[in-house]
Amino acid sequence: MATKRVFDYIVLGGGSGGMGSARRAASYGAKVAVIEADRLGGTCVIRGCVPKKVTFNLAHTFDVLRSDAKRYGIHAARLPESTEGPDFSYARFKEMRDAYVTRLNGIYHRNLDRENITFIAGHARFKQPVDESDEEGLAVEILDAQGDVTEEIVGAKVLVATGGHPVVPTDEETKGAAAHGITSDGFFELNYVPKRIVVVGTGYIGIELAGVLSALGSDVHVISRHDTVLRTFDPDMQSFLLESMKKQGITVHHYTHVDSVDGEPIDADRAFKEGRNLAVTLRDVRDGATNVLDDVDEVLFAVGRAPNSTQLQLPEQVELGRKNYIKVDAFQATAHPRIFALGDVCGIAELTPVAIAAGRRLSDRLFGGAQFSTSKLDYTNIPTVVFSHPPIGTVGLTEPQARKEYGDENVKVYKSKFINMYYSMMGVDNDMTDKPFTLYKLVCAGPEEKVVGIHIVGLGSDEVLQGFAVAVKMGATKADFDNTVAIHPTAAEELVTLR
């Protein structure tokens, strides 16, 4: 029998968190293996934030050329009027985007080679029964696409960073959802822009993709079971974005459930080149009234994600929580002394930079020596952005959270609603009616007016937030903001001139 390969650190999953942790461990001299059945890069690179942001950039560029350019005196002979025609092809854009993702996959492989990290292609699972007496570590089996075990390796420490996947309602919840609908994964397979699309869900993913599709000319219908969108965000951000979506022509169906989707099913040979004339039955959750949306090209379900944890044959000491997320402590440790977990498989702040930061700190602690013995990620005040139209940036507490934590009398809110200078050339005779606004908001607490929350929405908010997030993390006060000289003319200066 062939000798088993033994590693200091086995990483299950070649996504952002796993790669970040693997590379940091290797930098300390650890012998590391990364196991991945898909392409390297995980959700973010393959079918998440990277291709999403590229498509967001496309939508923004398309909108600028179609609507804004003429406000600056630019009258090109052939500006794109649609996403299919002599001036522009979405299918060609998809080819370019896919090629970019492929280049990133190659970079990940070269990074592993350069840092002497062993890459193993295949699915991974813990060997059962677990041999806890093996002093070298835990046995991990590698499986091929047919489910056959091709190799068994041993790791002194094992990181589970297998990520998650989008979920689709069951037939009991929404008849025909699995047969007819797509998820965010399917969105990145589309090589055309649907004329009419139904987006089910009002979290990050649903809102971002709805905005992109609307900017590219789709008739977008967003389905919400509640009266708003992005329910975990500050209420002012919710209401501002909802109003903006409606101005863009997006139809939001409140208090609505999708009962069924009927029409042409998705089959294995589908090329994602054209729509399928679907009929979507909607039901008002308040009174049960129903209506049908006809001539729908696609139904995109963005109703949540689930962890990739159930096929791993985890040792019984590893606890699973809600939806089978892996339970970990503040140091990313499970109840098994050799097994750690981070990223989307844990369901805590499911963001790429969070997984990378957690992975690096974990490897610092495990392999970096005594000076890193308490290294862990602080999960408070994590900044985040929604690439909606317009984008939202947020860090810290929402206004309701701050009032609950500090009391109404100890919270002061500063807000400014203004028109970004970029839009100053739009309209005539100083008519501001149709010009997009920006909203900036500071939430302050205590007698020193410590800034405990920043919430901004409008052009450029995705780029503005990062530096101000540092200020919040450092405990800056309103006086610190006031004492900072503004950069003029910018939108960001509003945050240091609020009264």
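Glycine too: its Cβ is placed from the backbone N, Cα and C atoms.
Going by what TrEMBL states, the NAD(+) site holds G201, T202, G203, Y204, I205, G206, I207, E208, and the candidate of G106, G288, G304, G321 recorded there is G304. C49 is paired in TrEMBL with C44, the candidate among C44, C346 named as its disulfide partner. The local packing around H488 (active site, proton acceptor), expressed as other Cβ atoms within 10 Å of its Cβ over all shown chains, amounts to 9. Every protein chain considered, the tally of other Cβ atoms within 10 Å of the Cβ of D344 (FAD binding site) stands at 30. In the structure as shown, the Cβ atom of K53 (FAD binding site) sits within 10 Å of 15 other Cβ atoms.
When the Cα atoms are compared, D344 (FAD binding site) and C44 (disulfide bond) turn out to be 11 Å apart. Across the domain 'Pyridine nucleotide-disulphide oxidoreductase dimerisation' (382-498), the prediction's mean pLDDT works out to 94.
Each of the disulfide-bonded residues C44, C49 was assessed for Cβ neighbours inside 10 Å, and the highest tally belongs to C44.
Between C44 (disulfide bond) and H488 (active site, proton acceptor), the C-alpha separation comes to 35 Å.
Within the domain 'Pyridine nucleotide-disulphide oxidoreductase dimerisation' (382-498), the DSSP-based counts of helix, strand and coil residues read 39 helix, 33 strand, 45 coil.
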